[in-house]
């Protein structure tokens with residue numbers, strides 16, 4: 001893989017990690033387009049590190065607070081919200097990944113993701129701020145995050161949807177969703193590094209790794225800041241229409257040699 005392909009995949013990862021359209025699903029598509037297959041596993045890991053850097057930079061004040069106050073309510077909310085994804089991920093990760101490596105399943109997953117995004121906008125706007133979030137809210141939002149074990153189900157999309165259903169206001173829904181993404185991204189990095197050290201990934205140039213990581217970090221930061229502002233006043237339906245269109249296109253492409 002050359003550095004330009006890594007740069008493009010970094011853009012895809014950075015933008016789609018925080019827009020509710022599934023980064024993993026888009027990376028699967030990117031692999032097929034570039035014919036990368038498992039050769040891109042190590043790069044995938046570095047791309048996740050890039051998006052993790054984006055979250056750390058954007059939320060630097062919050063993470064400094066968490067380090068200084070490890071037993072704060074915010075820390076406990078993040079722990080509670082992470083539990084469902086940890087349990088589901090450890091028990092069923094390989095199973096769900098194996099059944100989701102075909103264009104048919106990825107296409108249907110995009111369609112399902114679009115349904116949740118569309119339905120979320122039918123809810124009345126909530127008024128809960130960060131201080132109003134309960135542990136029950138965090139657990140329910142985290143349970144929706146666990147659904148993103150399916151590659152084309154958007155993690156940020158599901159958590160934002162759940163947060164809106166739990167009556168968080170729109171800005172807080174995105175804000176908490178992206179904070180909650182941190183342990184999920186860390187977990188994904190750890191699991192991917194295990195696969196890398198087990199020899200499941202081919203070598204890739206250091207230039208491509210650096211370019212891909214920095215690209216993911218830069219565009220990830222842009223996506224986080226833009227999405228929080230966008231959701232204040234705009235609908236999620238545009239993302240629902242996008243993933244519906246993408247899902248239908250992928251299903252139609254089953255009649256070609258793309259998948």
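Positions of Cβ are set from backbone N, Cα and C atoms, glycine also.
Copied over from Swiss-Prot:
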type	residues	note
TRANSMEM	1-21	transmembrane segment
TRANSMEM	39-59	transmembrane segment
TRANSMEM	71-91	transmembrane segment
TRANSMEM	99-119	transmembrane segment
TRANSMEM	133-153	transmembrane segment
TRANSMEM	174-194	transmembrane segment
TRANSMEM	208-228	transmembrane segment
TRANSMEM	239-259	transmembrane segment
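If you look at the transmembrane segment (174-194), the same-chain residues 6 or more away from its ends with a CB under 8 A from one of its CBs are 17-18, 41, 44-45, 48-49, 51-52, 55-56, 58-59, 62, 74, 77-78, 81-82, 85-86, 89, 93, 130, 133, 138, 141-142, 145, 148, 155-156, 159-160, 163, 168, 224, 227-228, 231. When Cβ-Cβ distances under 8 Å to the transmembrane segment (239-259) are tallied for each of 39-59, 99-119, 208-228, the top count falls to 99-119. Here the transmembrane segment (39-59) has Cβ contacts under 8 Å with residues 1, 6, 9-10, 13-14, 17-18, 23, 27, 31, 178-179, 181-182, 185-186, 188-189, 192-193, 195-196, 200-204, 208-209, 212-218, 220-221, 223-225 of the same chain, all six or more residues outside its ends.
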